[in-house]
Amino acid sequence: MNDKDIHPIMKELTKVTKSMPMPVVTEIKLITNRDAYKILISTMLSLRTKDPTTRDASMRLFEKAGSAKEMIKLTEEEIAKLIYPVGFYNVKAKNILEVSHMIIDDYNGEVPDEIDELLKLKGVGRKVANLVVTEAFDKDGICVDTHVHRISNRFGYVHTKTPEETEFALREKLPKEYWRVYNDTLVVYGQNLCKPISPLCSECTVSQYCDYFKNKK
């Protein structure tokens, strides 16, 4: 694809994805009125986990502990039981407890709003940090998960090997107007149409721009 094609692509994908289920962290942002702590925790839970499982686990956990101060009253085992069966639930329970202590001890009980500070939290990588700054604080960030990495490369917009490489490539070329919405849009499209295996190219309304589609003809 040509770099300028990103504008018609984003216009079309924004329209198409409106009728599709929103990503779980976006849903939790709306449910919790942009509660930064709950967005952070649900984003941590979402790693290697399907959205419905993440949603249910988040709601169970937040019924018991909706803040860092409440979370540190729970044991690691109690947290693990509440978030089961998310992927790596024992590791995530340990990280959630440690992150909650760090937020209280190092950040006066407030989730930091800068990527570099978020990256200091246990279990928080670039994907989580970028999603938190965009969803919780409405600040510029480019969250790259497997969907964003895959689709950006399928289009031919970037040519990268890892999600982190994709993030930095997008920071160089993706127009700022799309930074906060790029993740949501491509995640939804990737879950429903541009799937990892057997993408539904015949139903795709931006296939005319896509290098993957052109090359498989």
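The chain as shown is numbered from 1 upward.
Placed from the backbone N, Cα and C atoms, the Cβ positions cover glycine too.
From a predicted model like this one, the values you see are computed outputs, not experimental measurements.
Pulled from TrEMBL, these are the features on record:
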type    : residues                       : note
BINDING : CYS194, CYS201, CYS204, CYS210 : [4Fe-4S] cluster binding site
DOMAIN  : 45-192                         : domain 'HhH-GPD'
Relative to the Cβ position of CYS194 ([4Fe-4S] cluster binding site), how many further Cβ atoms are located within 10 Å? 25
Go through CYS201, CYS204, our binding-site residues, and report the one whose Cβ sees the most other Cβ atoms within 10 Å. CYS204
Quick one: DSSP breakdown of the domain 'HhH-GPD' (45-192) into helix, strand and coil? 95 helix, 0 strand, 53 coil
Taking 8 Å from the centroid of the Cβ atoms of CYS194, CYS201, CYS204, CYS210 as the cut-off, which other residues in that chain fall inside it around the [4Fe-4S] cluster site? ARG154, LEU193, PRO199, LEU200, VAL206, SER207, TYR212, PHE213
Secondary structure at CYS201 ([4Fe-4S] cluster binding site), reduced by DSSP to three states: helix
Around the C-beta of CYS210 ([4Fe-4S] cluster binding site), how many further C-beta atoms are within 10 angstroms, looking at every protein chain? 22
Going by DSSP, is CYS210 ([4Fe-4S] cluster binding site) sitting in a helix, a strand, or coil? coil
